[in-house]
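Enquirer: Look at TrEMBL and you will find 6-27, 48-69, 75-92, 104-125, 137-157, 169-187, 193-209, 216-236, 242-262, 291-309 tagged as transmembrane segment.
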Amino acid sequence: MQARYPILLVSAFVATFVLSKVLLSVAGRSNVAIKPELLGTQAKKQGTPVIGGIAFCLGTLLVTLLDPALMQEGVVFPLLGLLLFALIGLLDDRMKIRSNNGDGLSSLLKLALQISGSLVLLMLLDSQGLLDTRLDIGSFTLELGTAYYAFACMYLLYFVNAVNITDGLDALAAGSAMPLLVLLLLLARRSGIIASPALIGSLLAFLVFNRKPAKYFMGDCGSHALGAYIAVSALVMGCEAVLFFASGLFLVELATSLIQIISIRRFGRKVFTIAPLHHAYELKGVAEGRIVSFFTLTSWAFALCSLLISR
């Protein structure tokens, strides 16, 4: 199976590339709002179509589903997570496009949908005996018992929202997620679980169109799907701690946003000029390309350290 990985990767790249061309040919301009603080740096991005997530999700699903040999637990359930959360994100994208002010689903409704989606996935995983309530942290094993299900739900929510928050600059979310997908592939090989490189190939094609200046964005459809795929893969493979440590960049991005929100609501003032962190650098005048390169390299460093520690 592993000998076919290059074929799967290239096939997914081609499929997503073609789908991107087709979608861009029919897509209209998007009216998704840009934060007022960022109009000086992102005004040119106004109207960019939010269809990239649709392209790489469809490309990944198409290539994977056409290969019966891949229909195993290490591939099927992450794909289900990708599809389910892509639909949740797509609904949010559609609401943003149809509204006059760029608002999508309310925070509470989006969270409710995310929790519901997480519970559905966890019930499916549990029904197949794929959830191990033991959490491996290096050489230490922690038995969580029934508390594991609450942990797994929060784990899914963490990755979905962390990737979503990080998706604020051209190629940032996809470039920063790539190391985690490569890490998952390496961990799957080590554990003997069949995995698929299709999403990696699809994201490489996505980056062709999403690099600055982006021809399209992944939107919530893409960021939700990407986060869910990573989280479900880690749950199925039992490498939750390794992937959490590898997601250090995403953790920082999410943490800065949460700190900002809590500070504003609790104390009425900001901790950062703007959150998440990548936008703070942007407002300080750091070039977008430099921010993306630094963040992507940082994500690779986290992934490499996590791989070395997990050995």
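Cβ from N, Cα, C; glycine included.
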Enquirer: Do the transmembrane segment (6-27) and the transmembrane segment (193-209) come close, with at least three CB pairs under 8 A (pairs 6 or more apart in sequence)?
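Expert: Judged by the Cβ rule, the two regions touch, with the required three close pairs present.
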Enquirer: With pairs closer than 6 in sequence left out, are the transmembrane segment (169-187) and the transmembrane segment (291-309) joined by 3 or more CB pairs under 8 Å?
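Expert: Between the transmembrane segment (291-309) and the transmembrane segment (169-187), contact is present.
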Enquirer: Any chance you could find the range in 48-69, 169-187, 193-209, 242-262 with the most Cβ pairs under 8 Å to the transmembrane segment (75-92)?
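Expert: That would be 48-69.
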Enquirer: Taking a Cβ cut-off under 8 Å, which residues six or more beyond the ends of the transmembrane segment (242-262) line up next to it in the same chain?
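Expert: For the transmembrane segment (242-262), the sequence-distant neighbours (Cβ-Cβ under 8 Å, at least 6 residues beyond its ends) are 155, 158-159, 161-163, 165-166, 176, 179-180, 183-184, 187, 230-231, 233-234, 270-272, 274-278, 280, 295, 298-299, 302-303, 305-307, 309-310.
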Enquirer: State the non-local partners of the transmembrane segment (169-187) in its own chain: residues 6+ outside its ends, Cβ under 8 Å from one of its Cβ atoms.
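Expert: Distant contacts of the transmembrane segment (169-187): 5, 163, 195, 197, 199-200, 203, 206-207, 210-214, 218, 222-223, 226, 230, 233-234, 237, 239, 242-243, 246-247, 249-250, 278, 282, 288, 291-292, 295-296, 298-300, 302-304, 306-307, 310.
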